[in-house]
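Only one structure is covered here, and it is reproduced in the block below.
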Amino acid sequence: MARRPGAPAAYGEDFSFVSPLVKYLLFFFNMLFWVISMVMVAVGVYARLMKHEEAALACLAVDPAILLIVVGILMFLLTFCGCIGSLRENICLLQTFSLCLTVVFLLQLAAGVLGFVFSDKVRGKVSEIINNAIVHYRDDLDLQNLIDFGQKEFSCCGGISYKDWSLNMYFNCSEDNPSRERCSVPYSCCLPTPNQAVINTMCGQGMQALDYLEASKVIYTNGCIDRLVNWIHSNLFVLGGVALGLAIPQLVGIMLSMILVSQIKDQIKLQLYNQQHRADPWY
């Protein structure tokens, strides 16, 4: 039977341009992160439900649980498009997945570049976030544990200095403050005591009333912002490796989805050609 010049070569009925390897690799790739996203949302929702209503509303902007829920929901929606799109060979869902993942990757890249170029503004924003967290230190147990962990890990106290704790109503040094913690700092600011079996939670009592030299004998007096900046400078290669580790899965997801979309389009063209070929033997 003659074939019209320029028409595609004939393929068997069982032939498919869509590679099962690419299809199911993309599916299981998204399934893994889909499960992770559901766990993140579940943990975030559980953490929110365990808090008192007043505390939950007071520190909404600096609540780690909210961040966990938001990131989890966005990841869930994104990986849903990837999972269903690859399994059902749906071009629309796959292109949505690829586009969103590309936007996320570019936003991360832009944030890194802008953070490096406008480091002073980033420093000011970080200081604002830390001060806001200090204000709500006693309002949220998760936030309190996060701050305590950060101060102990980086051997620091407050944002700029230990006196930043006056921003908190319980640690404020004003004369009319009835709190027993007036002019104090949290125990996580205290220097570690060797062979101490029980943590002295009152070790920071009255530390804000002391000058820098006197306070430095008992607590960390350096602010956490400077410590954080120094830590970043000392661990640039490690942070670069982490950034690369985050970028590679995103680039792999973008690449696999684009390859699969191209294969699906070729398969659609083949099906259309076969239909026309059966309808017109001279095609």
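Cβ atoms are placed via backbone N, Cα and C, with glycine included.
Per-residue pLDDT, averaged along the topological domain 'Cytoplasmic' (1-24), amounts to 67 for this model. If you look up Swiss-Prot, you'll see 1-24 (among others) marked as topological domain 'Cytoplasmic'.
The transmembrane segment annotation in Swiss-Prot covers 25-45 (among others) and rests on sequence analysis.
The topological domain 'Extracellular' annotation in Swiss-Prot covers 46-64 (among others).
Among residues of the same chain six or more beyond the transmembrane segment (65-85), those with a C-beta under 8 A of the stretch's C-beta atoms are 26-27, 29-31, 33-34, 36-41, 43-45, 47-48, 51, 91-94, 96-97, 100-101, 104, 142, 253, 257. What Swiss-Prot lists as transmembrane segment is 65-85 (among others), and the listing cites sequence analysis.
According to Swiss-Prot, the topological domain 'Cytoplasmic' annotation covers 86-96 (among others), on the basis of sequence analysis. Tertiary neighbourhood of the topological domain 'Cytoplasmic' (86-96): same-chain residues 18, 23-24, 26-27, 30, 257, 260-261, 264-265, 267, selected by CB-CB distance under 8 Å and a gap of 6+ residues from either end.
Taken from Swiss-Prot, the feature transmembrane segment covers 97-117 (among others).
Per Swiss-Prot, the feature topological domain 'Extracellular' maps to 118-235 (among others); the stated evidence is sequence analysis. Taking DSSP states H, G and I as helix and E and B as strand, the topological domain 'Extracellular' (118-235) has 58 helix, 4 strand, 56 coil.
Under the heading disulfide bond, Swiss-Prot lists CYS156-CYS224 (among others). Of all the Cβ atoms in the protein chains shown, 27 others lie within 10 Å of the Cβ of CYS224 (disulfide bond).
Within the same chain, residues at least 6 positions away in sequence whose Cβ sits under 8 Å from that of CYS157 (disulfide bond) are GLN151, TRP165, VAL185, SER188, CYS189, ILE219, TYR220, THR221, ASN222, GLY223, CYS224. As annotated by Swiss-Prot, disulfide bond applies to CYS157-CYS189 (among others), with the evidence given as similarity to another entry.
Positions annotated as N-linked glycosylation site by Swiss-Prot: ASN172.
The disulfide bond annotation in Swiss-Prot covers CYS173-CYS183 (among others). Within 10 Å of the C-beta atom of CYS173 (disulfide bond) sit 14 other C-beta atoms, taking all shown protein chains into account.
Under the heading disulfide bond, Swiss-Prot lists CYS190-CYS203 (among others). Within its own chain, CYS203 (disulfide bond) has TYR187, CYS190, VAL218, ILE219 as residues 6 or more apart in sequence whose C-beta sits under 8 angstroms from its own.
The transmembrane segment annotation in Swiss-Prot covers 236-256 (among others).
Taken from Swiss-Prot, the feature topological domain 'Cytoplasmic' applies to 257-283 (among others), supported by sequence analysis.
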## Note on the structure
Given the transmembrane segment (25-45), its same-chain partners at Cβ distance under 8 Å and 6+ residues beyond its ends are 65-69, 71-73, 75-76, 79-80, 82-83, 86-87, 97, 249, 252-253, 256-257, 260
### Query
How far is it from CYS173 (disulfide bond) to CYS156 (disulfide bond), counting Cα to Cα, in Å?
20
### Query
Expressed to the nearest Å, what is the distance separating CYS156 (disulfide bond) and CYS183 (disulfide bond) at their Cα atoms?
17
## Note on the structure
Within 10 angstroms of the C-beta of ASN172 (N-linked glycosylation site), the count of other C-beta atoms across all shown chains comes to 18
### Message
Please report the Cα separation of ASN172 (N-linked glycosylation site) and CYS183 (disulfide bond) in Å, rounded to an integer.
### Response
5
